[in-house]
Amino acid sequence: MTINLGIIMDPISSINIKKDSSFAILLEAQNRKYKIYYMELKDLYLKDNKPYSHTKLLRIKNNKKQWFTLEQQKDVSLSNLDVILMRKNPPINRAYIYATYILEQAERNGSYIINKPSSLRSYNEKLFTTTHFPQYIPKTLITSNSTKIHNFIKTYKDIIIKPLHGMAGLSIFRIKEHDPNTSVIIETMTKYETIPCISQNYITDIQKGDKRILIINGIPFPWCLARIPKKHENRGNLSIGGYGNTQKLSKNDWEIALSIAPTLNKKGIFFAGIDIIGTKLTEINITSPTCIQEIEQDTGISISTIILDNLEKNLKKRKTNRYL
């Protein structure tokens, strides 16, 4: 039976097909003859309390000049789709939040939404670590109060400060004690004490890499991508010039990943990417985890295949349970 798969993502015209994780998943889905319905956030709507979206049938190919075609525009009931992948990148703004409510209605009507809409809405990727796994994180302060941030710097001498809603290494600053730019950075980050941000002690092991570990259906993948900063940089993100080094998970990585995985499963988070620097957990990415292609290329193991095998297994379970 053909699986009807919906995907909500940023414009497909703007992706880098050599790196994009959604593209890798879609390519495998197409190989399995899934019918793929392409959507952007703006396409979703509720009518008479029923969830719909304007969609286009998506066909893709591994060609960097022309990698997609969109056909047969039509509005569909989200409840008629077997599975919907919510792969829209942050920020988690009002439009994103409203979309999760629409998806939640489709979920109530039987659609399988990855990841669970209420979890996408409830668990900030940086706060999630502090509220659920404080034993694994660096020294952390979340506040908009400039005096408290100044005192945190005094205590730890060398810190990282970043927005709670950011991604891809954007707006991340390293501040050392007596840095002449400290006050202006804090003013900028907190928007003059109106928006909280997260401060953590600087971890020197960042120079060995910020490790992205993928967890699929409650099972950690045994290889990770260590994203190593370029010279004179504190951020390892590939999008800003860091380079990737695929590694086997260390004993500490396994301990953290196996501790986190059951909670993710319980909360309907089918696919996540956790970030570890040294021995410390820094983020749990649940909106649109990346690094599939980089790890696949280095290991020869198709993560996309593992994802869709598990997705299909879960779909079968859901259908069986529905008829019990």
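In case you wondered, yes, glycine gets a Cβ from its N, Cα and C as well.
These come from Swiss-Prot:
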BINDING   152-209  ATP binding site
BINDING   Glu283, Asn285  Mg(2+) binding site
DOMAIN    125-312  domain 'ATP-grasp'
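Overlay of Swiss-Prot feature records on the structure.
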residue	record	contacts (Cβ under 8 Å, 6+ apart)
Phe152	ATP binding site	Leu141, Ile159, Ser199
Lys176	ATP binding site	Ile153, Lys157, Asp158
Val184	ATP binding site	none
Tyr192	ATP binding site	none
Gln200	ATP binding site	Ile137, Pro138, Lys139, Thr140, Leu141, Ile159, Ile160, Thr282
Lys208	ATP binding site	Ala226, Ile228, Gly278
Glu283	Mg(2+) binding site	Glu125, Lys126, Phe128, Thr129, Ile274, Asp275
Asn285	Mg(2+) binding site	Glu125, Arg212, Ala272, Gly273, Ile274, Asp275
Inset, instruction - Take every residue in the domain 'ATP-grasp' (125-312), average their pLDDT values, and give the whole-number result. - result: 94
Inset, instruction - Using all protein chains in view, find how many other C-beta atoms are within 10 Å of the C-beta of Ile160 (ATP binding site). - result: 20
